[in-house]
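Visitor: Here's the feature list from Swiss-Prot:
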| type | residues | note |
| --- | --- | --- |
| BINDING | ILE84, PHE85, HIS92, LYS122, HIS168, ASP169, TYR173, GLN195, ARG196, THR197, ILE200 | CTP binding site |
| BINDING | LYS122, TRP151 | phosphocholine binding site |
| MOD_RES | MET1 | N-acetylmethionine |
| MOD_RES | SER315 | phosphoserine |
| MOD_RES | SER319 | phosphoserine |
| MOD_RES | SER321 | phosphoserine |
| MOD_RES | SER322 | phosphoserine |
| MOD_RES | SER323 | phosphoserine |
| MOD_RES | SER329 | phosphoserine |
| MOD_RES | SER331 | phosphoserine |
| MOD_RES | SER333 | phosphoserine |
| MOD_RES | SER343 | phosphoserine |
| MOD_RES | SER347 | phosphoserine |
| MOD_RES | SER352 | phosphoserine |
| MOD_RES | SER362 | phosphoserine |
| REGION | 272-293 | region 'Autoinhibitory (AI)' |
| REPEAT | 319-324 | repeat '1' |
| REPEAT | 329-333 | repeat '2' |
| REPEAT | 343-348 | repeat '3' |
Amino acid sequence: MDAQCSAKVNARKRRKEAPGPNGATEEDGVPSKVQRCAVGLRQPAPFSDEIEVDFSKPYVRVTMEEASRGTPCERPVRVYADGIFDLFHSGHARALMQAKNLFPNTYLIVGVCSDELTHNFKGFTVMNENERYDAVQHCRYVDEVVRNAPWTLTPEFLAEHRIDFVAHDDIPYSSAGSDDVYKHIKEAGMFAPTQRTEGISTSDIITRIVRDYDVYARRNLQRGYTAKELNVSFINEKKYHLQERVDKVKKKVKDVEEKSKEFVQKVEEKSIDLIQKWEEKSREFIGSFLEMFGPEGALKHMLKEGKGRMLQAISPKQSPSSSPTRERSPSPSFRWPFSGKTSPPCSPANLSRHKAAAYDISEDEED
């Protein structure tokens, strides 16, 4: 422990004395950025048969308690995770991430089974073994890849790769002649469980492709793949081309329908606006008409005023009588104002005309 503490102190001193980007150190008041050594993030993980291992050095497996507490930098905990990794997806990456983070100092070794083993024990794969090796190599959490990994882990394989723990989800993985291929690993105390990611798996991806096979076949035919490459018969090829043309016609009809709906909607909006404006103008017109020609309109008042003025002009006002009980005696003759002479007597014809005019004036007054 003392040696480990002294190594940490020396490492801190080296970090402080390390020059910064401009040649300055932390002691000069300018914090320096130490570049991390992240080979796994810059290059693909190496294959196990390309790494030279010094088997002369003794190897002692660490316990779970020691691994959880932390190990020295030169002695990482070697964790092994295996699988098929066909159509490498986020579920695979999450499982490897969990295996990498099981302990503070972990060296993750990933085994990938060959095509022969996989086809015999599990079934046909979409990707061949080289494609699957390459996919796992480029996962950021992987430190080493084992090609042609065994289906069942043997003590010799564990010793050869100096494996401390095996990481896998704790669901029993059955195989030919065994209910759980990790049973002996669990009994030896070397099993480190991880959690399976729900909703994503290679089988689910293949199911989606099979379910929508016609869609993907038509898409690849459009992109230049031949019917022979897609293993599509002549009749199905013509059917897919016909469906594609029908879909194009449907799309055009749908576009026209949408545009016509938009046009009709705009026309309706415009018509509603015009109707509203027409109603407003009609109300204004009716109101103006009633104000002018209605029962109490301005025209009737004008006619009444004109009629009254005409009546005043035609018949002047009579002077009040001297006595209300005394009746005025008809004058025998008409006298011109400002003259002392009496007018001559009226002829019978003139007298009848005067009576008729007086009768008309009296009728107008009664009206």
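Any Cβ shown, glycine's included, is placed from N, Cα and C.
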Visitor: Using DSSP reduced to three states, classify TRP151 (phosphocholine binding site) as helix, strand or coil.
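Guide: The residue in question, TRP151 (phosphocholine binding site), is coil (DSSP, three-state).
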Visitor: Mind giving me a neighbour count for HIS168 (CTP binding site)? Other Cβ atoms within 10 Å of its Cβ, every protein chain shown.
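Guide: Here the count is 21.
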Visitor: Between ILE200 (CTP binding site) and SER315 (phosphoserine), what C-alpha distance do you get in Å?
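Guide: Cα of ILE200 (CTP binding site) to Cα of SER315 (phosphoserine) measures 112 Å after rounding.
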Visitor: So the record assigns ILE84, PHE85, HIS92, LYS122, HIS168, ASP169, TYR173, GLN195, ARG196, THR197, ILE200 to CTP. If I measure every Cα pair among those residues, what is the longest distance in angstrom, as a whole number?
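Guide: Overall maximum Cα spacing for these binding residues reaches 21 Å.
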Visitor: If you compare CA-to-CA distances from HIS168 (CTP binding site) to each of the recorded positions LYS122, TRP151, SER315, which comes out shortest?
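Guide: So, of the listed recorded positions, the one sitting closest to HIS168 (CTP binding site) is TRP151.
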Visitor: Let me know the DSSP-derived helix, strand or coil state of TYR173 (CTP binding site), please.
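Guide: Once the DSSP labels are grouped into three classes, TYR173 (CTP binding site) ends up as coil.
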Visitor: Report the member of ILE84, ILE200 (the binding-site residues) whose C-beta atom has the most other C-beta atoms within 10 angstroms.
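Guide: Within the set of binding-site residues, the most crowded position is ILE84.
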Visitor: In whole Å, how far does the CA atom of TYR173 (CTP binding site) lie from that of TRP151 (phosphocholine binding site)?
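Guide: The separation of the Cα atoms works out to 11 Å.
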Visitor: What Cα-Cα separation, expressed in whole Å, is found between ILE84 (CTP binding site) and LYS122 (phosphocholine binding site)?
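Guide: Between the alpha carbons of ILE84 (CTP binding site) and LYS122 (phosphocholine binding site) there are 9 Å.
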